[in-house]
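Taking it in order: structure first as structure tokens, then the write-up.
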Amino acid sequence: MSSDPRFDFFQQKKLGIVLAPFSGGQPKSGVENGPKYLMKQGLRSDIESLGWETTLEEPLKGRDFESGKNDETDVYGIMKRPNLVGEATKLIYESVKKVSNEGRLAVTLGGDHSIAIGTVAGVLDKYPNAGLLWIDAHADINTCSTTESGNIHGCPVSFLMGLDAKNTPPSLKWVPKCLDPKKIAYIGLRDVDAAERKILKDNGIASYSMYHVDRYGLNKVIEMALEKVAPNGDEPIMVSYDVDAIDPLYVPATGTPVRGGLTLREGLFLVERIAETGRLVALDVVECNPELASHDGHVVDTITTGCSIARCALGETLL
């Protein structure tokens, strides 16, 4: 491996790996094992081989969040497990905030995408002008009033923006209204609810679906997204990457796969381009679910891809 890209916001290449083995934002088991599989694949040593000094943060260690998924009283209206999600994401928030404020790049391994409530809020505490690239097949911007499933992994962006605040569960009222709609751009969308489409349009949020990738090419889409969330060209960048942005042909072991996604090469090129900006300050890799694989090869494909996303974002280059 070689590592050439610069990282302008860090005097030294120091990085905190935050493990977030949490599945309470959705009903399927197994996604809580994503971090363990990524680490077993050698991700930490891979990152260190790129010149990063790493520390390991485990904010959920010692807490039994999995048994809490069976608590049928943990509801608020249609919202499922808000107390569980609120507790877990607050711990993740404190951990990511600590890593960021110590001058380290935060790499958080999930876990379902509800953990981004904590990661994004933690990063924006340190870098309030950061632009957020949300790489996902889904918009994850349903509110407490629009969600049909009640699964909070489909709602993290709305909590971060403070949308529908009057209906926010008490356990999630700690979440700061920290995300400006002008500071987020989506790439890879292909499964968006009707209510979400309205939210995106009403808030003027930059949203690039697979149609835009096909029409303009991925490199142009990345450039357009960066111009939206970081118009000055020097702002920090955070990437929250749901592996289902990549087509299930390459990433089969994930909770809500949607055909017609990014190719594996496109999925890696995306973060390679972000690394080239020199402005990456945080990365999430979420929704790897080994239990949803139909055979061992699917586990290997998915976990290997998750590790590759992290390495490419952190500066791995071929030449």
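Each residue, glycine too, has its Cβ placed from N, Cα and C.
Note that the coordinates shown come from a computational prediction; the quantities given were computed from them, not determined experimentally.
The following features are taken from Swiss-Prot:
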- His113, Asp136, Asp140, Asp242: Mn(2+) 1 binding site (BINDING)
- Asp136, His138, Asp242, Asp244: Mn(2+) 2 binding site (BINDING)
- His138, Ala139, Asp140, Ile141, Asn142, Ser149, Gly150, Asn151, Asp193, Thr256, Glu287: substrate binding site (BINDING)
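This view paints the features noted in Swiss-Prot onto the structure.
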residue: His113; record: Mn(2+) 1 binding site; contacts (Cβ under 8 Å, 6+ apart): Gly25, Asp136, Asp140, His153, Pro156, Ser240, Asp242, Asp284, Val286, Glu287
residue: His138; record: Mn(2+) 2 binding site; contacts (Cβ under 8 Å, 6+ apart): Gly154, Leu189, Asp191, Val192, Asp242, Asp244, Thr256, Val258
residue: Asn142; record: substrate binding site; contacts (Cβ under 8 Å, 6+ apart): Glu148, Gly154, Cys155, Ser158, Asp193, Ala195, Glu196, Ile199
residue: Gly150; record: substrate binding site; contacts (Cβ under 8 Å, 6+ apart): Val75, Gly77, Ile78, Met79, Lys80
- Looking at the binding-site residues Asp140, Glu287, which one has the fewest other Cβ atoms within 10 Å of its own Cβ? Asp140
- In the same chain, outside Asp136, His138, Asp242, Asp244, whose C-beta lies within 8 angstroms of the Cβ mean position for the Mn(2+) 2 site? His113, Ile135, Ala137, Asp140, Gly188, Val243, Ala245, Thr256, Glu287
- Sparsest-packed among the binding-site residues, when each Cβ's other Cβ atoms within 10 Å are tallied, from Asp136, Asp193, Asp242, Asp244: Asp193
- Query: Other than His113, Asp136, Asp140, Asp242, which residues of the chain come within 8 Å of the Mn(2+) 1 site, judged by Cβ distance to the Cβ centroid of those residues?
  - Reply: Ala116, Trp134, Ile135, Ala137, His138, His153, Pro156, Ser240, Asp244, Ala245, Val286, Glu287
- Secondary structure at Asp140 (Mn(2+) 1 binding site), reduced by DSSP to three states: coil
